[in-house]
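**Q** Here it is: the structure, laid out below.
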Amino acid sequence: MNDLTPTPGGGCRSAPVLKQRGQREVFCGLTGIIWLHRKMQDAFFLVVGSRTCAHLLQSAAGVMIFAEPRFGTAILEEQDLAGMKDAHTELDREVARLLDRRPDIRQLFLVGSCPSEVIKIDLARAAERLTQVHAPHVRVLNYSGSGIETTFTEGEDACLASMVPVLKDTPARELLLVGALPDVVEDQMLSLLGQMGIDNIRLLPARRIDETTAVGANTVFALTQPFLGETHAALMRRGARHIPAPMPFGEEGTTAWLRAVAAEFGVDDATFDAVTAAPRARARKAIAQAAEHLNGKSIFFFPDSQLEIPLARFLTRECGMTAVEVGSPYIHDAIHGPDLDLLPAGPQISEGQDVDLQLDRVRAARPDLTVCGLGLANPLEAEGLTTKWAIELVFTPVHFYEQAGDLAGLFSRPIRRKSVLRVEAAE
Amino acid sequence: MKLTVWTYEGPPHVGAMRVATAMKGLHYVLHAPQGDTYADLLFTMIERRNHRPPVSYTTFQARDLGSDTATLFKTACQDAVDRFDPQAIIVGASCTAELIQDDPAGLAETMDLKIPVIALELPSYSRKENFGADETFYQIVRGLAAPQDRSARITCNLLGPTALGFRNRDDVEELTGLLSDLGVDVNVVAPLGATPADIARLPAAHFNVLMYPETGEAAARWLEKTYGQPFTKTVPIGVAATRDFIAEVQAITGLTATADESRLRLPWWSASVDSTYLTGKRVFLFGDGTHVCAMARMARDEMGFEVAGLGCYNREQARAVRAVARDMGVEALITDDYLEVEQAIEALAPEMIMGTQMERHIGKRLGIPCAVISAPVHVQDYPARYSPVMGFEGANVIFDTLVHPLVMGLEEHLLTMFRDDFEFHDAAGPSHHGGHAPVAMSDASGGSISGKMMPDEAPSVAEGSNVIWLSDAERELKKIPFFVRGKARRNTEAFAAQKGLQQISLDTLYEAKAHYAR
């Protein structure tokens with residue numbers, strides 16, 4: 001049994017939050033496409049935007065851009081800016097050409113960007129119109145991944161939220177698990193729940209449109225990712241009920257998450273312990289190896305993905321680290337609350353960003369490890385700070401028991417590297 | 001609207017960032033939404049810079065839209081000046097800010113910042129990265145260059161090298177050494193490494209070396225017009241071009257000192273018998289105009305290749321590229337659509353591609369060796385070692401770069417010849433040189449957005465025709481080296497179609513071979 005009582009000194013749920021506005025060094029929501037298109041195997045993501053959007057996707061996707069990408073950018077040109085009617089005709093033509101070339105596409109997402117939002121191209125109406133044109137083979141939805149509205153992982157949130165209103169209705173008492181996870185992790189999660197006898201499960205997003213998820217007044221849902229605020233709200237509007245839980249990171253987080261779901265479905269303690277005992281022991285052992293290098297070290301999180309709070313909880317409680325500052329682009333009490341309760345008091349919790357002021361703070365604190373984006377990592381390394389670039393945490397399988405050691409390893413690797421390198425950079 | 005997956009160039013404000021990041025003591029205040037900071041990582045990761053690009057973003061959000069964004073811009077400007085204490089700032093808008101029409105120039109001018117403020121007009125919906133760099137550098141030079149006497153010694157400026165430029169770092173070093181041999185000192189290198197104060201000193205030089213027309217031509221022309229500084233027209237890539245460049249410098253300066261050629265190895269390497277097999281290798285070139293023009297001449301005159309086709313993605317250089325293409329007797333391909341480039345390569349079936357990272361991946365998909373000669377490039381083409389492409393050491397570097405994939409190709413050929421040996425049979429797969437794995441997968445590139453499959457290794461019925469390959473002919477075809485097999489297949493099918501044949505037999509294959517014999 002886990003000791004999930006708040007830590008001495010209380011958790012961080014009621015800690016004062018430092019809210020700053022200024023320059024933000026974050027990705028926009030379009031970046032979510034890069035992992036979502038791998039998960040949803042019959043979906044295509046069509047960004048309506050500028051050359052900047054295409055360049056962003058290319059830069060963020062790296063070599064993935066060369067491997068059957070099911071995403072693209074309809075780049076707005078000067079003549080598109082002149083009249084709105086023109087933009088819709090243009091979009092219809094590009095979509096028709098795309099669907100003709102890629103008959104395997106069953107779901108098309110029109111993804112709004114800053115330019116398309118600013119000139120107010122009505123992509124919602126375009127999606128309705130295109131759904132009619134291409135029904136029943138293709139479903140066309142729309143959401144915004146623009147930087148003016150979404151930060152990094154909020155792109156996934158916006159995408160999933162756009163699917164909720166069109167999900168089939170079900171009166172059944174079912175468990176809906178929400179958040180795109182790597183297939184291998186998803187299978188582990190389903191297996192654990194299945195062993196506890198919970199198998200009336202649906203997933204959002206499903207791997208293909210044919211396995212479409214349903215929702216209704218008897219649905220209960222659990223989030224596997226902490227950045228799903230809008231999806232949370234949309235599911236509540238469909239009458240579904242949320243199971244609040246810490247996020248399944250680390251042995252403790254996974255156990256607490258599973259326990260919340262098990263309690264909802266009346267799984268008895270004996271069954272729960274029988275199912276989780278072995279993987280829990282494995283996770284603890286794997287974490288212990290990596291934690292050797294993390295124990296007693298301090299950590300500072302720049303805001304990036306909203307994963308910061310649950311990760312800080314894992315690293316402080318299970319790896320012996322001390323959090324100096326935990327920055328998140330956005331904090332949602334109903335979702336982050338359970339993790340904040342468990343996070344030992346002490347760190348500055350911050351929401352939003354003024355990057356120059358935050359850099360002043362990290363330089364003053366000189367933490368042992370700084371979690372930040374790729375635009376900051378090398379410059380901070382050059383100043384002698386050790387960094388862990390944050391994006392990897394979104395792309396790598398890190399959830400649930402079997403990945404707990406890998407997750408701790410992602411943080412210990414930069415520290416170990418610093419200790420093995422014996423050559424100084426010449427100035 | 002135009003559907004795009006790969007883009008050869010970023011938006012113009014990224015070009016401005018390349019200039020700002022190249023310089024010191026200059027700050028760029030960019031009116032841009034949250035998210036546009038992604039471009040920072042091009043500099044910190046691909047070029048591995050150890051500092052943040054000197055760019056402040058206003059990162060406005062949806063709730064700021066309206067009059068608020070103008071205030072946001074002014075605050076960001078003031079903060080940047082207070083914090084970074086630059087000698088000058090450049091101000092501009094990204095694509096989204098261009099739509100909200102806040103006029104960064106006007107706003108910054110009203111602020112009384114006590115330092116020069118250079119306003120940029122970069123049309124995001126019609127121009128691209130290279131234009132952005134060229135225009136930004138031109139505006140900076142126009143805004144800061146100050147009238148002054150020529151230096152006592154004969155000096156020149158090196159114009160055009162930027163951050164994220166292909167081998168710009170080492171080209172500057174190579175040219176500085178070469179010019180020193182000729183008795184010419186370098187006054188200012190710009191924008192790479194220059195401060196605004198250095199830009200003010202540009203007119204002290206006797207002439208300008210225009211290293212990269214893409215990013216320095218507008219400034220070079222303005223300096224010629226305003227300060228009477230001639231600029232060099234030859235880009236010294238390749239042995240002959242370097243010698244032409246030396247002659248050009250001598251003509252401008254009247255100096256007669258010659259350059260040290262003692263370490264130039266390309267001419268002998270290329271003449272040695274080991275290089276005989278390079279003769280007539282059919283190459284396709286694609287990249288930015290400058291590198292393609294220079295490398296095409298090298299490929300033909302210094303490597304002994306046959307230029308089967310060439311092109312560029314930046315329309316600004318289309319005229320120069322067309323002229324070189326005419327000289328080579330081929331059609332120039334001016335496009336920024338990689339699918340068109342892929343089509344051209346498929347149609348020409350060259351034995352090697354000289355291109356950008358996109359062509360590297362096209363080559364991988366088609367099983368054609370490729371050497372990278374132009375931006376855009378990924379992190380591996382910002383090497384730690386010294387590797388210029390200009391001057392005599394540059395020629396040595398290019399020789400190695402071009403020969404390396406082909407030597408690998410020869411190894412692959414030998415393995416293919418012995419494919420029936422127990423160790424080398426087909427099912428053993430390609431050698432460890434992944435770059436030359438034959439096409440096996442339809443999902444290997446963005447090209448599949450068109451749902452296309454390569455005809456090579458496909459069933460025996462030729463695509464788009466009714467010609468059937470008989471099994472003996474099919475077997476024989478597989479004995480042909482992989483890098484010419486596609487061409488052999490196409491030629492044979494064309495030959496069969498021309499003769500009205502329904503089937504391709506072993507004889508047809510060899511008749512076609514004789515027909516097309518060069």
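Every residue number used here counts from 1 along the chain in the order it is shown.
Glycine too: its Cβ is placed from the backbone N, Cα and C atoms.
Below, the features straight out of TrEMBL:
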- B:12-406: domain 'Nitrogenase/oxidoreductase component 1' (DOMAIN)
- B:D36: [4Fe-4S] cluster binding site (BINDING)
- B:D274: active site, proton donor (ACT_SITE)
- B:G409, B:L410: substrate binding site (BINDING)
- B:429-458: region 'Disordered' (REGION)
**Q** Measuring Cα to Cα, tell me the gap between the residue listed as 'active site, proton donor' and B:D36 ([4Fe-4S] cluster binding site) in whole angstrom.
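**A** Between the alpha carbons of the residue listed as 'active site, proton donor' and B:D36 ([4Fe-4S] cluster binding site) there are 50 Å.
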**Q** Does anything in the same chain, at least 6 positions from B:D36 ([4Fe-4S] cluster binding site), have a Cβ under 8 Å from its Cβ, and if so what?
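**A** The answer is B:H13, B:L30, B:Y57, B:T59, B:S94, B:T96.
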**Q** Provide the three-state secondary structure of the residue listed as '[4Fe-4S] cluster binding site' computed with DSSP.
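**A** Going by the DSSP assignment, the residue listed as '[4Fe-4S] cluster binding site' falls within a helical segment, counted as helix.
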**Q** Please give the average pLDDT for the domain 'Nitrogenase/oxidoreductase component 1' (B:12-406) in this predicted model.
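**A** Mean pLDDT for the domain 'Nitrogenase/oxidoreductase component 1' (B:12-406): 96.
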